[in-house]
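**Q** My questions will all concern the structure given below.
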Amino acid sequence: MQSDPNVNKKNGQRFLIKMVMLTVLKKSRRKEQEMRVLILGLDNSGKTTFLNKLCGEDTKEIAPTFGFNIKTVEHNGWKLNCWDVGGQKCLRPYWRNYFERTDAVIWVVDSSDTSRIDNDCRRELNLLLDESCLHGVTLLILANKCDLNGSLDTEAIQKLLKLESITKHRWRIFRTSAYTGENLLEALEWLCNDISSKILVE
C-alpha cells in the first residue's frame with residue numbers, strides 16, 4: 001500500500017518547522033547564557049544557607065523558608081536563576097509547581113542526619129525523579145554540613161540514597177559545607193559544565 005504523498009509532505013513540513021523552532025530556542029539559550037536551577041531537599045538541610053553563601057550574603061542567622069526564595073548567581077559567564085523552595089513536609093506537595101523549564105535540580109542533604117537520609121530523604125528524592133517534566137535534568141547532590149561531627153561521607157550517602165539506580169539523569173554528589181563554603185564552587189562548576197554541554201551540543 002502506497003502512502004499519500006500529500007500527507008508525507010505535510011509531515012515533512014511539520015518536522016522542519018519543529019527543527020527550526022528548536023534551533024532558534026537553542027541559539028536563544030546560548031545568547032542569554034541562562035539556566036533555571038531548582039534547589040530542593042528536606043527542611044533544615046541547608047538550602048538557603050547554600051544559596052546565601054553563593055551570593056556572598058549572611059549565613060549565620062537563617063530562618064526556615066516558608067514558600068520560596070529567588071536569587072541569581074553568576075558563574076563563568078552563566079546566569080543561574082536559583083529557586084530555593086521550602087522543604088517542610090506541608091510544602092513538598094507544592095514542589096511540582098516549580099518544575100516547569102528546569103535545567104537542573106540541586107538536592108541538598110543534611111549529611112549529619114542519618115535517620116532522615118535513609119527514610120524521608122530517599123523517598124522524596126525518588127518521588128522527585130519520577131516526575132515526567134524533570135526527565136533528563138541535571139542532578140547535583142550536596143552532602144551538606146560536612147563540617148559537623150558525625151556527618152557521613154559521600155560514599156555512605158550514595159548507598160543510602162541508592163544513587164547508582166538513577167539512569168534518567170546525569171548526577172554527581174559533592175561533600176560540602178554551606179557554612180564554611182567547602183566544595184561549593186567545585187560543585188557549581190560541575191553543574192554549569194554539565195548543563196551547558198547539553199544546551200550547546202544537543
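Cβ coordinates are placed from backbone N, Cα and C, and glycine is handled just like the others.
The model shown is predicted, which means the values in this text are computed figures rather than measured ones.
If you look up TrEMBL, you'll see GLY41, LEU42, ASP43, ASN44, SER45, GLY46, LYS47, THR48, GLY87, ASN144, LYS145, CYS146, ASP147 marked as GTP binding site. The Mg(2+) binding site annotation in TrEMBL covers THR48, THR65.
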**Q** Under 8 Å Cβ-Cβ from GLY41 (GTP binding site), six or more apart in the same chain: what's there?
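**A** Counting only residues 6 or more apart in sequence, the Cβ neighbours of GLY41 (GTP binding site) under 8 Å are LYS47, GLY87, TRP107, VAL108, VAL109, ASP110, CYS121.
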**Q** Test of understanding: give the count of other CB atoms lying within 10 angstroms of the CB of LYS145 (GTP binding site).
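**A** Other Cβ atoms found within 10 Å: 25.
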**Q** Show which residues of the chain containing ASP147 (GTP binding site), separated from it by at least 6 in sequence, have their CB under 8 Å from its CB.
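**A** Listed in sequence order, they are SER177, TYR179, THR180, GLU182.
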**Q** Look up THR48 (Mg(2+) binding site) in the DSSP assignment and reduce it to helix, strand or coil.
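**A** Reduced to three states, the DSSP call for THR48 (Mg(2+) binding site) is helix.
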**Q** In sequence order, which same-chain residues at least six apart have a C-beta under 8 angstroms from ASP43 (GTP binding site)?
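**A** Spatial neighbours, sequence-distant, of ASP43 (GTP binding site): PRO64, GLY86, GLY87, GLN88, LYS89.
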**Q** If you count Cβ atoms within 10 Å of the Cβ of THR48 (Mg(2+) binding site), leaving out that atom itself, what do you get?
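**A** The answer is 22.
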**Q** So what sits near SER45 (GTP binding site) in its own chain, CB-to-CB under 8 Å and at least six residues off in sequence?
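**A** GLY87, VAL108, VAL109, ASP110, ASN144 - these are the non-local Cβ neighbours of SER45 (GTP binding site), listed in sequence order.
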